[in-house]
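Enquirer: Attaching a single structure in structure tokens format; questions to follow.
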Amino acid sequence: MRGNVNQMQGSLVAGRYRLGESIGSGGMGRVWRAHDEVLHRDVAIKELTAALYVSDSEQAMLLARTRAEARAAARINHSAVVTVHDVLEHDGRPWIVMELVEGHSLADAVKERERVEPREAARIGLWVLRALRAAHSAGVLHRDVKPGNVLLGRDGRVLLTDFGIAQIEGDTAITRTGEVVGSVDYLAPERVRGHDPGPSSDLWALGATLYTAVEGRSPFRRTSP
């Protein structure tokens, strides 16, 4: 099952999930709206298309990260964290089945409105902070907090998603030695220097995320006088 978006709509993944419309895409893959034909509910499925273009060893690394994302999210029981239902392999690549959040990302909101009102940004930040507190209490570091990973539900909910590069306390590292993972605009200084991240690294990223929401650009992309 490989092809363009239109060709894949209506396809059945793992004999269970019927693909609908594509609702997002990035460097690692694409997110689909889908219907679970066993439990009769709508879900979101992240298809990691990057697996099609890497070596066997890198594909194994990608699969390990996918499983780690599922484990990380499963350890966190909080209403502000997107629930992961399943992780599977299909058609030569990994897929993650998640809770479907009707709405859009904070990145989309900034793009559409240019900036978010400070009061609304504060409300969003409070919910993400609660999600991070739950994650850190469970021994999980997110490591990629950014506007694109903050979802704003139509029902007013705020949820943190994409634990794809999360670090789980006690797990063997699955990133290469010296590899810096995360989005550059939101990396804490210690991570840029190659030091081990901690909870404060996620809080730095949250601060940069909220700055971006209010000002309409990353704090590191402004022109110095």
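Numbering starts at 1 and runs along the chain as it is shown here.
Cβ from N, Cα, C; glycine included.
TrEMBL entries are annotated by machine, without manual review.
According to TrEMBL, the record shows the following:
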type: DOMAIN; residues: 17-225; note: domain 'Protein kinase'
type: BINDING; residues: Lys46; note: ATP binding site
Enquirer: Would you report the average pLDDT that the model assigns to the domain 'Protein kinase' (17-225)?
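Expert: Averaged over the domain 'Protein kinase' (17-225), the predicted model reaches a pLDDT of 85.
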Enquirer: For the residue listed as 'ATP binding site', just count the other CB atoms lying within 10 A of its CB, please.
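Expert: The answer is 24 other Cβ atoms.
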Enquirer: Where does the residue listed as 'ATP binding site' sit by DSSP, helix, strand or coil?
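Expert: For the residue listed as 'ATP binding site' - judged by DSSP and reduced to three states - the answer is strand.
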